[in-house]
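Asks: Got these off Swiss-Prot a minute ago, pasting:
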BINDING   His118, His122, Asp316  Fe cation binding site
BINDING   Leu140, Val141, Ser142, Gly143, Gly144, Asp173, Gly186, Asn288  substrate binding site
Amino acid sequence: MSRPLTFLGIESSCDDTAAAVVRADGARAEILSSVVDGQTALHAAFGGVVPEIAARAHAERLDLCVERALEEAGLGLRDLDGIAVTAGPGLIGGVLSGVMLAKGLAAGTGLPLVGVNHLAGHALTPRLTDGLAFPYLMLLVSGGHCQFLIARGAEEFSRLGGSIDDAPGEAFDKTAKLLGLPQPGGPSVEAEAATGDPRRFAFPRPMLDRPGCDMSFSGLKTALLRARDGLVAEKGGLTRADRADLCAGFQAAVVEVLAEKTRRALAVYAAEGAAEPALAVAGGVAANGPIRAALTSVAEAAGVRFLAPPLRLCTDNAAMIAWAGIERFRAGGRDGMELSARPRWPLDRSAPALIGSGRKGAKA
């Protein structure tokens, strides 16, 4: 039995400045504190996250977040066993702010420093919340990423497929912007879609006619733009019903694509022969109600357990980073002062790059 470990986690990969303290005793884990300082108001006027503004805000807020996390946990630095920090992938300015703070704390205290892949934090969250056993199938679906992974260990992931262009969260945000809805786009589009007719617009279901688990959402976004422009040209603007129907049609298309691709991923995962087969979902888009409902139905039909973290742990947070740091530390992972911030960091380094990875390679 491994000894109890208490880790501080630091997260600053996008537009949430976060710190948390997690204690693990064997397979049991307890979140002693979790502080998240969002930046939505700072970026609202720009319709999206501005990297320079985000980086400056992280630099200003990280110290205070760490202080609050320790205070709420009732602990000091001397009570910790290690420091975990998101080292990528993400917006490099923010990631660098977090890494530099973590290095300073580790150097000043002598505590172990563990760099964590942000996506591993999401992917390992079901083990933090439910003690899920390896191997399990993970659908990581967020603002910047969308991929199916078989999680076999704290640092062992096999990618089955993913989005070759826009991630669903990015598509939700852009849809909200096109329709004049507030950011973040996911909750806004979901709320608007609740009163809409998903059958009014014949939006495409990209890549369902192709085998495999890869996805595409940029064409769906373009189809919505054309439908919006057609309505504006015809009527001179959008009614509330138009906006609701556009959101409902867009959301229904995303749900159908994710559900069908999940069925295919489960078929591949079945070959793992897991004693307790499970499908888990994580990432900000996992907070979407219709997506959760569809994935629950797919899992039930396949006879596998379905897990989704509490909504507060679906979006970016530092508790998942602290936990992933503990998992990696237990497996022998540890970093020194040479730890660097990485804008791109694929979880499955052996998988071929997705079509839309670009010349610099896959982000994740």
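Backbone N, Cα and C atoms are what each Cβ position is placed from, and that goes for glycine too.
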Asks: For Asp316 (Fe cation binding site), write down the residues of its own chain that are at least 6 apart in sequence and whose Cβ falls under 8 Å from its Cβ; none is a fine answer.
Replies: Glu11, Ser13, Cys14, Asp16, Ala18, Val36, His118, Gly284
Asks: Return the residues near Val141 (substrate binding site), defined as same-chain residues 6+ apart in sequence whose C-beta is under 8 angstroms from its C-beta, sorted by sequence, else 'none'.
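Replies: Correct list: Ala167, Pro168, Gly169, Leu258, Val281, Ala282, Gly283, Gly284, Val285, Ala286, Ile291.
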Asks: With an 8 Å cut-off on Cβ-Cβ distance and a minimum sequence separation of at least 6, pull the same-chain contacts of Asn288 (substrate binding site), or say none.
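Replies: Non-local contacts for Asn288 (substrate binding site): Gly186, Glu190, Gln251.
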Asks: How many other Cβ atoms sit within 10 Å of the Cβ of Gly186 (substrate binding site)?
Replies: 25
Asks: Where does Val141 (substrate binding site) sit by DSSP, helix, strand or coil?
Replies: strand
Asks: Cα-Cα separation of Asp173 (substrate binding site) and His122 (Fe cation binding site), in Å?
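Replies: Between the Cα atoms of Asp173 (substrate binding site) and His122 (Fe cation binding site), the distance comes to 20 Å.
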Asks: CB neighbours of His122 (Fe cation binding site) within 10 A?
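Replies: For His122 (Fe cation binding site), the count of other Cβ atoms within 10 Å is 31.
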Asks: Should any of the binding-site residues Leu140, Gly143, Gly144 have a Cα within 10 Å of the Cα of His122 (Fe cation binding site), which are they?
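Replies: Of everything listed, what lies within 10 Å of His122 (Fe cation binding site) (Cα to Cα) is Leu140.
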Asks: What is the number of other Cβ atoms found within 10 Å of the Cβ of His118 (Fe cation binding site)?
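Replies: I get 28 for this one.
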Asks: Counting across all protein chains shown, how many other Cβ atoms sit within 10 Å of the Cβ of Gly144 (substrate binding site)?
Replies: 21
